[in-house]
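A.B. asks: Got a structure here, written out as C-alpha cells. Questions coming.
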Amino acid sequence: MKIFTSLVSFLTISITSRRLIFAKEFSMTNASISDNLLMEQVRDIVPKLSNDRHKGQAGRIGVVGGSKEYPGAPYFSAISALKLGADLVHVFCTSSAAPVIKSYSPDLIVHPLLDSDDAVSTIEPWLERLHVIVIGPGLGRETSILTTVSELVKLCRRLNKRLVFDADGLFLINQDISLIRDYPGTILTPNAAEFSRLFGDTVAEKMKELGEGVTVIKKGSKDQIYNSTNGTVLHECPAGGSGRRCGGQGDLMSGVIATFYHWSLEKKHPEAAFIASYAGSVLTKKCNEYAFLLKGRSMLASDMIEQIHQVFDDFFENKD
C-alpha cells in the first residue's frame, strides 16, 4: 500500500486541479487507482518542448544488448526510446552486432564493446552520463558476455543508475538474483514464460527475495504491476492490443519504459518506476492496436514503432 500512500501525498500537495481530484477520489480501501487518473499522472511527467532545454535533458538512455544472432532487439528498444522523445540513446553490443545495428539507423550511438577485454572499464565513462539503462534485448547467453554484463550491473548499482531488465537480462537475473536484490528503482519486464521461470508457483514468496524497491511488470493480456516487497499486484493495466503477437514488442516496451522512467524521475515523482511501467504498458498496447488496424496479420514490431508518434499525440501529450 506504500505506493498508493505516496501517490496520494504527492497529489495532495500539488497545486494542479487534476492532482487534487485524484487525491479526493482515491480510496485506500480500494487498493486501486483509476486508469484515467493514472493517465493524468503520466501526462504530468511529459516534458514540455522548449528552446530553453538542451540536448540530453529529455533523456540519455542506454541499451545493453545485441549479439550476432540478435541485432534487431536492441535496435527496437533504442529506436522506441528515441521516438518517444529521448534525446540520445547509446547501444552497447558485441563487435559482430554493431555494423548491423548501425545500418538500421544513424540516429543511434553504437558501441561495439561487450566482447572486448576491457569492456567494463571502457563502458564506465559512458554509463556515468546515462539516466536509465535497459539490460538484455538481444544479449544472448554466451557465458563471457553474461559475466561482463553482471559486472556492468554491479557498476550501475555503485553509480546509482536506474535499470530496466528484459529478455536475456531476465535470464541473467534468474542465474543470480543477488545482482538486483534491494536495488532500488529496478524494473523487470517479464512475459508470462519469463515470469514463471523467475517466480515459479510461489510468486509472493519468491518475489520477496528481490527485496525492497524492485518493480515487476508481468506482460500479458492485462499487464500486472507487482510490488516486490510483498509480492502482490499493485495494479492491473488496461487490456488492449490485438491477437497479433509478433516478435519485438517487448523490446519496444523496454525502450519506452526507460524514457518514461527518466521523465518521472526528472519530475521527482514519488513512484517513478510504477508510473513508467504503467505508461509503457498503455503505449505499447495502443501502438499494437493502431498498427493492427493498418496491417492486420502482416503487422510487425516496426509497424508498431511507426505508431508511437500518433499514439503519444492522442493519449500522452500534455496539451494544457
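Note: Cβ is positioned from N, Cα and C throughout, glycine not excepted.
Keep in mind that this is a model prediction, so the values were computed, not measured.
Sequence annotations record features per position, and here TrEMBL assigns (6S)-NADPHX binding site to Gly138, Asn191, Ala192, Ala193, Glu194, Phe195, Ser196, Arg197, Asp251. Among the features that TrEMBL reports, ATP binding site is placed at 219-223, 241-250. Annotation comment: TrEMBL describes 38-315 as domain 'YjeF C-terminal'.
I would like each feature placed in context: is it buried or exposed, what are its neighbours, and how far apart are things?
C.D. replies: Residues near Ala192 ((6S)-NADPHX binding site) in space but far in sequence (CB under 8 A, at least 6 apart, same chain), listed by position: Lys218, Lys219, Gly220.
Of all the Cβ atoms in the protein chains shown, 10 others lie within 10 Å of the Cβ of Ser221 (ATP binding site).
Across the domain 'YjeF C-terminal' (38-315), the prediction's mean pLDDT works out to 97.
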A.B. asks: What same-chain residues, at least 6 away in sequence, bring their CB to under 8 Å of the CB of Gly250 (ATP binding site)?
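C.D. replies: Listed in sequence order: Asp166, Ala167, Thr189, Asn191, Lys219.
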A.B. asks: With a 10 Å radius around each C-beta, find which of these binding-site residues (Gly138, Gly248) has the fewest other C-beta atoms nearby.
C.D. replies: Gly248
A.B. asks: Between the Cα atoms of Ser196 ((6S)-NADPHX binding site) and Cys246 (ATP binding site), find the distance and write it as a whole number of Å.
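C.D. replies: Taking the Cα atoms only, Ser196 ((6S)-NADPHX binding site) lies 21 Å from Cys246 (ATP binding site).
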A.B. asks: What count of other C-beta atoms do you get within 10 angstroms of the C-beta of Ser196 ((6S)-NADPHX binding site), across all chains shown?
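C.D. replies: There are 13 of them.
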A.B. asks: Out of the binding-site residues Gly138, Glu194, Asp251, give me the one sitting nearest to Arg244 (ATP binding site) by CA distance.
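C.D. replies: Comparing Cα positions, the candidate nearest Arg244 (ATP binding site) turns out to be Asp251.
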A.B. asks: For each of the binding-site residues (Lys219, Arg244), count the other CB atoms lying within 10 A of its CB, then report the residue with the highest count.
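C.D. replies: Compared across Lys219, Arg244, the most Cβ atoms within 10 Å surround Lys219.
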